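Since the structure comes first, as structure tokens, the remarks are kept for the end.
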Amino acid sequence: MPGSGGPVATFSVWDYVVFAGLILVAAGIGLFQSFRGRKEASSDEFLLGGRQMTAVPVALSLTASFMSGITVIGTPAEAYLYGTPFWLFFISYAIMSTISAEIFVPLFYRLNITSTYEYLEMRYNKLIRVIGTSMYIIQTALYTGMVIFAPALALNQITGLDLWGVLVATGAVCIIYCTLGGLKAVIWTDVFQMIIMLGGFVAVIARGAVLQGGLGRVWNDSFYGGRLETFSFDPDPLRRHSFWTIVVGGSLMWASMYSINQSQVQRYISCRTMTHAKLSLYVNMVGLWVTVSLAMMSGLTMYSIYKDCDPFTNKDVGATDQLLPYLVMDILADFPGLPGLFVAAAYSGTLSTVSSSINALVAVTVEDFMKPAWPSLTERQLSWINMGMSVFYGAVCIGMAGVASMMGNILQAALSIFGMISGPLLGLYMLGMFFRCANSTGGLAGLASGLAITLWVGIGAQLYPPLPEKTLRLPLSVEGCVALNTSETTTMTPFSTVLQTTTPQPRPALADNWYSLSYLYFSPVGIVVTMIIALIVSAISGGCKQKKVRPELFISKSDLICFRCKKSDSEVSDLIETKPKDNQGLDSPVFYDNEIVLKEKDQQEKITKL
């Protein structure tokens, strides 16, 4: 009986058929895009889809890229263990989307760049660009290893498949369609995988609601179990999740993911116009809302079923990240094929993120290292290099899964990585975009300081996790279990057993204050430290006396919504009809706004009539 504890069924033949079929479709998209685009085998076509993508598929790809297997597995467990404060990320997603669309999109389109780190060389120097690219490569490789490992560990329990077999298979499929199809294959595969992910959540919620007597019962159980206490205005920065940590810290953390992260920027600059790029971010925002809502409802459904018999406390699972897969086999085993659909959903999330990461890693490596070192490379040579680098980074990410196995809660660990590394990088970009007095000396000093601080607190938090009173895990019960399960049901390779280590360690003085800082504040701390140190060093080293910097490298008033809305009609008309003197990247047919073309055409017709 579901919810009573004990071992659950494993995959049936039909589950394997559904799972394998969906994964083969994903790989087939890569092959299709490869054959379809053979005549357009340029580096730009491979890395940016020829800059001809439209808003909706790019938006779904943006959503799928970070709504990975970690989201499919980790977010429901978050709702089950901690309740619904995670829903406050709705506000963070809205703030992040506005910042990315209205500040960063105009800047990157104006500069007509492929790698976001090209901006660092334009604004500072070559050394800072190389450092920024290297930080991104390390961050993405580690994060991608975690994305591969965490769902593989969970799927290992319910399918019985060998852990390393799942890891290698994941990397192999991603390598195939990244190598052959490039960005178009990644985007269209993401669209397909996004549909599968949402379908998996819907299946869990629907079946759970039927078993519990409706969604009203699920909601009622969650209310009395304390899972619906969403709003906490406690200003304590050590509180894991509160209104302030999520809205302030979460907004800046997600902004660092979407505004400067190559795997995301690469998608929206592949759009055919700036309007499509901005629209893709706002549609993506809605996609994030829907995905997180379904994931949270899955977690609340899981709590309603297991409120009297927690599988983790009952030792039916070896890690909290295995809770949702356990639930799937507990409630969907009587419906052949549906467990396979869910596993495909988790696996699709992993494939989506891994493929996005590999494609972005190839882009920054080629643009920031290969092209500057060998500027005479032909398009054909670059295409072969792109494919070779896809294979290389796929292998690296599989290897990094071993490092990822040493992390704890996968959702928190994944977001912590972005806060530690992307936070200081976002501070460096904001410094360059808003402060004309900032120079390369100050930028380098600020970046080094910000990174040192975030690594210090992040690694410290990993070694000495916050005490339970700060994390506020909600109570669970095993009173309704048929019997306590004393056996370990999970089969793991030896290195993954570190997840079960609970040996107490002596805690240093900083463990209960500095190291207990909410992981969502890692990014704001990195931004603030980077900008303050950079401005001080820039002032000392003559930043205000430097030669005039290119004006297109800064954010102008016209880039911001608040100023744009105040413009009179005549000012807007003048702005549209006047083509920038230095073109600012708009002379490319990809970026040339249709309105400019129409205005110039109308002006010519008026002159002809006169």
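Glycine residues also receive a Cβ, built from the backbone N, Cα and C atoms like all the rest.
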- [ ] Validate this pair against Swiss-Prot: Phe32 and Arg240, same side of the membrane or not.
- [x] no
TODO: Consult Swiss-Prot and report the residue, out of Asn439, Asn485, annotated as N-linked glycosylation site.
DONE: Asn485
Task: Residue carrying N-linked glycosylation site as stated in Swiss-Prot, selected out of Asn112, Asn220 - done: Asn220
Task: the transmembrane segment (285-305) versus listed stretches 53-73, 341-363, 415-435, 441-461, 520-540: most Cβ pairs under 8 Å - done: 53-73
Task: Local confidence of the prediction over the topological domain 'Extracellular' (156-162), expressed as mean pLDDT - done: 69
TODO: Between the transmembrane segment (520-540) and the stretches 53-73, 88-108, 194-216, 241-261, 415-435, work out which stretch tops the count of Cβ pairs under 8 Å.
DONE: 415-435
Open item on the list: Just to be sure I understand the packing, how many Cβ atoms besides its own are within 10 Å of the Cβ of Asn220 (N-linked glycosylation site)?
Closed with: 15
Open item on the list: Suppose I define contact as three or more CB-CB distances under 8 A, residues 6 or more apart in sequence; do the transmembrane segment (341-363) and the transmembrane segment (53-73) meet it?
Closed with: yes
Task: Closest-packing stretch to the transmembrane segment (53-73), where packing means Cβ pairs under 8 Å, from 88-108, 194-216, 241-261, 415-435, 441-461 - done: 194-216
Task: Helix, strand and coil counts within the topological domain 'Cytoplasmic' (262-284) (DSSP) - done: 18 helix, 1 strand, 4 coil
Open item on the list: Could you give me three numbers for the topological domain 'Cytoplasmic' (109-134), the DSSP helix, strand and coil residue counts?
Closed with: 18 helix, 0 strand, 8 coil
TODO: Give residue numbers and ranges for long-range contacts of the topological domain 'Extracellular' (217-240): same chain, 6 or more residues beyond its ends, CB-CB under 8 A.
DONE: 79-80, 82-85, 87-88, 208-209, 297, 300-301, 303-304, 307, 466, 470-472, 474-475, 513, 516-519, 521
